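To keep things clear, I will list the structure first and then write my remarks on it.
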Amino acid sequence: MDKLLERFLNYVSLDTQSKAGVRQVPSTEGQWKLLHLLKEQLEEMGLINVTLSEKGTLMATLPANVPGDIPAIGFISHVDTSPDCSGKNVNPQIVENYRGGDIALGIGDEVLSPVMFPVLHQLLGQTLITTDGKTLLGADDKAGIAEIMTALAVLQQKKIPHGDIRVAFTPDEEVGKGAKHFDVDAFDARWAYTVDGGGVGELEFENFNAASVNIKIVGNNVHPGTAKGVMVNALSLAARIHAEVPADESPEMTEGYEGFYHLASMKGTVERADMHYIIRDFDRKQFEARKRKMMEIAKKVGKGLHPDCYIELVIEDSYYNMREKVVEHPHILDIAQQAMRDCDIEPELKPIRGGTDGAQLSFMGLPCPNLFTGGYNYHGKHEFVTLEGMEKAVQVIVRIAELTAQRK
């Protein structure tokens, strides 16, 4: 599996951070560099129907090597890394045979500590690939890319029986645009798996229902000395709005299947304030109730304002829980779970407290649960991945292809 590590280190050397608020897709030039590199590598491996769309979706096919009516399946990862932490000049550290305790990240004060990240206790003896404390690592989702590419090579080299295997690498997943320009018909798979999860054994087919809430508050500013009965402080109204939002239903207070309201940004002056919330819930009814709650709060706080002052609230749904689509095709999960068990991995079905391209693709007609990559602590300088976890992911991808061929 030396090639697996080589691929991964090659991919993370490219800065592919996506950028929010940009109209073009992909949002950054660095993503194109990785997409063109992957296109070249897929062609060198002999895959067919290798295409790169003008919106940066790369697709290719490993043709079936056995006859029969075997369903075409897909594996998908994204090329961008999170805008939340620098992805420039990533300098990975390789820690072989981890023996426990803190891992120094580079030459500064940053450490990867089992006190803060207890999962490290479960990884003794493994090879960890970490950051140098200055950037993210990019395992999300370049570990997934390296695993898919390596699995393709294994299928070819070991001549493992399989049907048509479709692969796709998408841009701008981290800014919510990855699946918007995905041509499901062109992909032509019966179902697919995103390889974009976390620790070994994770199999995810439930994600949040998600919405964004943008609130515009228009007040009235006058000199504070003569403000009585005239000033309408937009910042005070913003504070009142947030005070009405349930404090125990925030991200830092919730876990598992619990939903939340999250104030992501707030800025303004006396004259004008803007607030941006995200709403998340696994249950569709509770999700709708949360949206109604925000509307009720805005109405309550805005009651009795001068006509020139107002609160404007816009709610936009982002994505929905893919569970309702995936459970219609239980064999997709059955195959993935069997593949894991065949690789001596106990499947861990858990909800995604976030979103994934697979959620949007599932509602576009391509059922698409999420497989693990072996990575942890995404979107920050404490991100790391285990080489053993990546190797297990490759084994599971290969086994899924093999099991699917046996279903003909």
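Placement of Cβ uses the backbone N, Cα and C atoms for every residue, glycine included.
Keep in mind that what you see is a predicted model, and the values were worked out from it rather than measured.
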Site co-member for Zn(2+) 1 according to Swiss-Prot, given ASP140, ASP196, out of HIS36, HIS78, HIS262, HIS276: HIS78
Annotated companion of ASP140, GLU174 at the Zn(2+) 2 site, Swiss-Prot, chosen from HIS331, HIS379: HIS379
Residue, out of the binding-site residues HIS78, HIS379, whose Cβ gathers the largest set of other Cβ atoms within 10 Å: HIS78
Residue from HIS78, ASP80, ASP140, GLU173, ASP196 whose C-alpha is spatially nearest that of HIS379 (Zn(2+) 2 binding site), among the recorded positions: ASP140
Listed recorded positions (ASP80, ASP140, GLU173, ASP196), ranked by Cβ neighbours within 10 Å, top entry: ASP80
GLU174 (Zn(2+) 2 binding site) CB neighbourhood, other CB atoms within 10 A: 23
Conformational class of ASP196 (Zn(2+) 1 binding site) under the three-state DSSP mapping: coil
Other same-chain residues whose Cβ falls within 8 Å of the Cβ centroid of ASP140, GLU174, HIS379, the recorded Zn(2+) 2 site, in sequence order: THR81, SER82, ASP84, LEU136, ASP141, TYR378
